[in-house]
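Here's the structure, in structure tokens; my notes come after.
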């Protein structure tokens, strides 16, 4: 083993945070320094040249000064016996660089802890707990001890459970020791069947059975027979959900049987490379819509980052594994937790009810979990466009007196939509003899028993079992697998995939039997053919672990060669682990121990284990009405704006890429001031169309504490009032996902669940014409623990989260909440679907005063709700609405405030028509919406509303002005008069506090201060050219298409939109993978232009873009090709984002690039996804010809974009050379260091450079993601199809005239 030092691992503010944690624990720690340590496992000693190469490879990140660390050494490494995602990617790079003696690289962090007095062993243990994650890491006292990382354990054997002599008792004991969560009747079933087989079951067979038949996988409660209050019920819960499909099957192509549901989409030109020529072009066909929403609650409670991350990853795999291959497109993430209690910012309603030690508190879940979910989506390359966040934790009246209701077991929801070809919607037959394949990463000893663990209330299983059941993520591996799936579906009728499933709960022990069972086959499997990174695992651990980023597929023998070639090109590992058999029998052979760990008929595993019967009793609680004592209106406004459910969510949004794909038409951030208040998410179906897809969410979970049915109806209703803001047409085009969370078995909750499912499945959805073709349930939403001898529990309310998906006719018609001050005289109209009832039960107002109230909002009239949707659709289509915002949490007050924030304007409202009770009028959460309309169209709008049955509930409630005043009157009385800016700042406090705790606090403070500036003019545009002129048109007309190499490396994810931009400018865009160059399948000589695209090459493990660059620099043949290309004078090159970082590291090969800087971690130390204003500088770049002085917004999405120069002289030399091409500017047009206008902290606001001759340009922002006007989060009126950044690509074409 060789040890190589790396760069410092912690910035100053990260060190300060650790010191603060030490102080809180009364530790005498005075200083902490940390640096990365690299460990190389070698097959032979390295010669001097190879050692130098390895040292260069492991030099990445910010440049460091020499430093000799002092203090107690604590070395944190991945857990011995595991291989971290960092290791597998870094080892890949080393081998691609020709370092064949490097068997494996691994990285640890060496912490040096200084203290005023010697630390005791107890104190050292506390420090260890602060600096490492016990789930995935170990701590050593010296560097040499890291050799344990490379030790190889001997395989452990399987064990048997002796039921032949020990009977049922033996199985009962195994049920506890293995954490199987088997029900009594399942134990009987297994004893009976193995006795019939005349043999004892192996541990692996029992674990496989437990996973496959867990509540998590089998949905026993949803399939159960029910008796309520002594009356047998005619339908199961699942049957009532299916009723929505039976009554409205319209537009549904696949429901209830696959990994995601499918509905009809639009006919568009899908843009992808031809499988033979690899040239990108449009393929005119149906792009049907995939939809799926998952929950990952249990893992997120135990370990939030990996829990949320693998939640998003699993849902992405569900979409890819639909039919015989789908394409994930846009994501959503949502969280419900108990109260945050932010230190120093605790709110009056946030009582501390305690929690068990093994789960994480709500604050830490929300500091870590969202980062995990965002990081997976970012690295995979899926924009995250939607979400919600609710906190609830309160002592409420119950049938037993009082009980605490809340979300100690959080809800972590991950969902999304994608597209699929018409001919791929249904799975094919699995031929006998088909290869059964595991595609993706290796098996590791993690995530054991996740399905069974998720099926228990938090706190019921032993702590080490809880920790065993969380997984870890490697999104770059999943991206490679998806690229394989993409290549397969792009072959059309020649798609080699016959059948595909993702690997989720239960690992391959669930996925492989499910694969062959669904294909009506059996399977013969070889355990030792499963790719395995931990040789010491027992057969049970190899078969049942939940290592992520894996799919199982069936491929016919004659298609294996084509499949193998695709996997090799994409560098996606796979293994044939079995063969499909005619006989429906499952056999697993173990060549190492020469035995057969599994040998059982399929019907014992997946046959008909006993069906559950639920007996339930209805319990209704009389909750007292809200008392108004002590509620003062101004204070109520402030409290509600600070409630996390209502408050600004920027800290959850800017961490997630919202522009990747170049198809995003509506993200969360709205208007020139980029305020996060969008009603729904919208994507374009392709680059040649305005058809698209939309998704929205609805949930009103606290209402279930008063009325189960109302809570469910409101969730459906809110998803509709959110999605009504875009152009859908017929309501039957909308399909819903229903995610049900319940503390099953808790008194009254089972009957409540039945009531809620019936309310939507049998009543509301059929009445509206809505279908629920997909969903999921999580039935153990309760946390129990013992505190000082006292039994405690926190029980979640019944929680239905609805996600609505729809085909969109014209994405340009989507309306946002941004109030418009540039449209003449206008009015605000409230459509109140509560019809003046103004019920306050379970509202934000009740919550912030620690109350629940008695009567909640409800959907009293389904016909009126449908009339509302139809009216809004007519108005959206006729362009009659200037702004639209649904009414939800916080009521009318919050709706108006958010509209004013987005429009940066004043509101003057009068609520006299809404009744005398001001609090109830402003804070009720009845469904509805506020729209802004031009006064000269007001009558026409009101008559459309009246024609749809809404006349009595539509009220003109006021107007707007270009001031900072937020005024609400009731008749002549002013009831509220506030500064809009002051309200905006209160609304932002929660996001500021969370950002300051999680990211660089200096950056969080700057962003918060900027929100106080009422004079901020917002984003604006000033162009030196005519945006709607196509200067490439004359060259395109001649028919010659210069060849453009669209270059990608494993983990790159922005290549398709880049190809689309160059294609539109008249280039022949060709898909080139680095593996094509390294294997000689592609040569750069043939191309005029080269673009290195954005993403996360190798998951950014050796510095962003640095691993990719070094695989060129250290490979003689690749180096020669690139050098020759850059030196050819008739070529040009572009590097964007990851490609910018990569080309900056190739500067020794690029003439005139010698002054280029490096790009390192953002000053905020966070991935930044922003829509930032930049100015094009005067330079010789061929891309920016005629654009100097132009100022316009652009997509920014990166974690390592800060320019790093050697010193002041280097910076001065760059400025003097005339090679600065693009700078960040503030909204007044001045280059800025202020965050977030300068999102990465680059000196002199530099974010793009060129070479001295202008042939090679690099930039961190993404012009290719906003080349269409519709893909800009905000654009001025008057831009046509092409956005301002299309000019760059047209310039490149003109340059080759």
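Each residue, glycine too, has its Cβ placed from N, Cα and C.
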Given Swiss-Prot lists 718, 722 for Mg(2+), the same-site residue among 533, 879, 886, 889: 886
Those recorded positions of 307, 309, 311, 678, 1262, 1264 having Cα within 10 angstroms of residue 1137 (active site, nucleophile): 1262
Candidate with sparsest Cβ neighbourhood (10 Å radius) among 317, 1262, the listed recorded positions: 1262
Residue 309 (ATP binding site) - helix vs strand vs coil (DSSP): helix
Distant-in-sequence Cβ neighbours of residue 678 (ATP binding site), under 8 Å, six or more positions away: 666, 667, 668, 669, 670, 816, 817
Conformational class of residue 886 (Mg(2+) binding site) under the three-state DSSP mapping: strand
Assigned conformation of residue 1262 (active site) - DSSP reduced to three states: strand
Rounded Cα separation (Å) that holds between residue 317 (ATP binding site) and residue 718 (Mg(2+) binding site): 28
Neighbours of 718, 722, 886 excl. site residues, C-beta within 8 Å of centre, Mg(2+): 679, 696, 697, 698, 717, 719, 720, 721, 723, 724, 887, 888, 927, 929
Model confidence over the domain 'Glutamine amidotransferase type-1' (1044-1297), averaged pLDDT: 98
Residue 722 (Mg(2+) binding site) versus recorded positions 307, 309, 313, 315, 1262 - nearest by Cα: 315
Cα-to-Cα gap, residue 886 (Mg(2+) binding site) vs residue 315 (ATP binding site), nearest whole Å: 28
